[in-house]
Amino acid sequence: MPRHVAIIMDGNGRWAARRRRPRAIGHRAGARAVNTCIDFCLDQGIEALTLFAFSSENWGRPEEEVGALMKLFIAALDREVEELHRRGVRVRFIGERSRFSADIRARMQAAEALTAGNGRLSLNIAASYGGRQDIAAAARSLAEDVAAGRLQPAQIDEAVLGTRVALADLPAPDLFIRTGGDYRISNFLLWQLAYTELWFTETLWPELDTAVLHEALRAYAGRERRFGLTGEQVAGRARPDLQGSATP
Ligand code: FPP
């Protein structure tokens, strides 16, 4: 069973187009699939779920679509956070929060504060997130420490950089899922996915159901994770996959 699942929720626009409906309707249906996915993780005892809700590049979409997504985020936060809290879910946001409006930022902060003490499922929403931007921010924070004399350049290694990227306190994702039939990482968690098992499905995100998620778990269970070692070596030892310290 994976401890941490990371998902690119793709295909909302095509789902809507097939029904001759506006793209925003596809995103609304996508929000329902988010609930299916959270319920599934809670049922299965998965510890962490990271969802790519909005990439740094998505700001470039038509104004009308970006506006509809922002309204959807606000509605979802207003509707779901209390219930998530009741169910023991810790909600966090990763990405460039400063690009969102003040009312969305306030809701993000309130959701994080309310649920900070929960430990059943860590739900991480990547919003205005980019993997390269995440690594650049980590590098900048190390550079600031070097400039201030708190850190020597020679001390910087994978383990140190790994403490500055997003989700550093969680185990790295074990399983990555992308719906919608494309075979790309699309600037999602570039650092964190180094040893993650990748699984792709043609299913469009709004059509996600538990059967698809079970299929992903079955595929994951059939993989041998070697982390750069040999099959014989990994058979005899615990998982060498601490974030930032995996063997290349
Ligand atoms: C990709 O589909 C999806 C998005 C850019 C938005 C994801 C948002 C949601 C699933 C809804 C709400 C989320 C939360 C966390 C409340 P696409 O538009 O790129 O689809 P396409 O490739 O078919 O055009």
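Each Cβ is built from the backbone N, Cα and C atoms, and glycine gets one as well.
Unlike curated records, TrEMBL annotations are generated automatically.
Per TrEMBL, the features are as follows:
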type     : residues                                        : note
ACT_SITE : D10                                             : active site
BINDING  : D10, E197                                       : Mg(2+) binding site
BINDING  : 11-15, R23, H27, 55-57, W59, R61, R178, 184-186 : substrate binding site
ACT_SITE : N58                                             : active site, proton acceptor
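Among the recorded positions listed (D10, G11, W15, W59), D10 has its Cα nearest to the Cα of E197 (Mg(2+) binding site). Proximity of the recorded positions D10, G11, G13, H27, S56, N58 to ligand 1, judged by a Cβ distance under 6 angstroms to any of its atoms, singles out D10, G11, G13, H27, N58 in sequence order. In this view, G11 (substrate binding site) is surrounded by 25 other Cβ atoms within 10 Å of its Cβ, with every protein chain counted.
For the recorded positions shown (D10, E197), fewest C-beta neighbours within 10 angstroms: E197. Remark: of the binding-site residues W15, W59, the most isolated position is W59 (fewest other Cβ atoms within 10 Å of its Cβ).
The separation of D10 (active site) from S56 (substrate binding site), Cα to Cα, is 15 Å. Within its own chain, R178 (substrate binding site) has I7, I8, D10, R184, L198, W199, F200, T201 as residues 6 or more apart in sequence whose C-beta sits under 8 angstroms from its own. Straight-line distance linking the Cα atoms of I185 (substrate binding site) and N58 (active site, proton acceptor), rounded to a whole number, equals 15 Å. For the recorded positions shown (S56, N58), fewest C-beta neighbours within 10 angstroms: N58.
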